[in-house]
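Below: the structure, in structure tokens.
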Amino acid sequence: MKSSPHLVLILCLQAALVMGVFAALAKENAMVESKAIDINPGQLKCCTNCNFSFSGLYTCDDVKKDCDPVCKKCVVAVHASYSGNNKFRCTDTFLGMCGPKC
């Protein structure tokens with residue numbers, strides 16, 4: 001069987017296109033994985049509503065007057081429109097076991 005130079009060129013271009021698609025997908029997946037979870041290395045003093053997973057990560061759903069000092073992302077959980085006494089929740093993800101109950 002005689003191979004045509006055009007056929008060889010088309011096969012090479014197709015192979016390059018497929019490799020480019022796989023390279024783009026690998027780059028996109030690497031970017032997603034690097035943004036996955038920001039883990040706080042600290043330990044909460046206490047947590048009553050602990051969400052522990054078998055991966056060793058946990059979050060605390062306690063709503064308190066103030067967030068724990070180790071908390072990096074403290075958000076308002078309950079707005080107190082008239083009294084001015086907002087309640088806060090720490091939205092950090094921690095590594096380890098849940099601390100004692102508050």
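Positions of Cβ are set from backbone N, Cα and C atoms, glycine also.
Bear in mind that the values here come from a model prediction, so they are computed numbers and not experimental data.
Taken straight from Swiss-Prot:
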type	residues	note
DISULFID	Cys46-Cys102	disulfide bond
DISULFID	Cys47-Cys60	disulfide bond
DISULFID	Cys50-Cys98	disulfide bond
DISULFID	Cys67-Cys74	disulfide bond
DISULFID	Cys71-Cys90	disulfide bond
SIGNAL	1-15	signal peptide
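All protein chains shown were included, and the count of other CB atoms within 10 Å of the CB of Cys47 (disulfide bond) stands at 22. With the fewest other C-beta atoms within 10 Å around its C-beta, Cys50 stands out among the disulfide-bonded residues Cys50, Cys90. Checking each of the disulfide-bonded residues (Cys60, Cys74, Cys90, Cys102) against Cys50 (disulfide bond), the C-alpha distance stays within 10 Å for Cys60. A 10 Å radius around the C-alpha of Cys60 (disulfide bond) takes in these disulfide-bonded residues out of Cys67, Cys74, Cys90, Cys102, in sequence order: Cys90.
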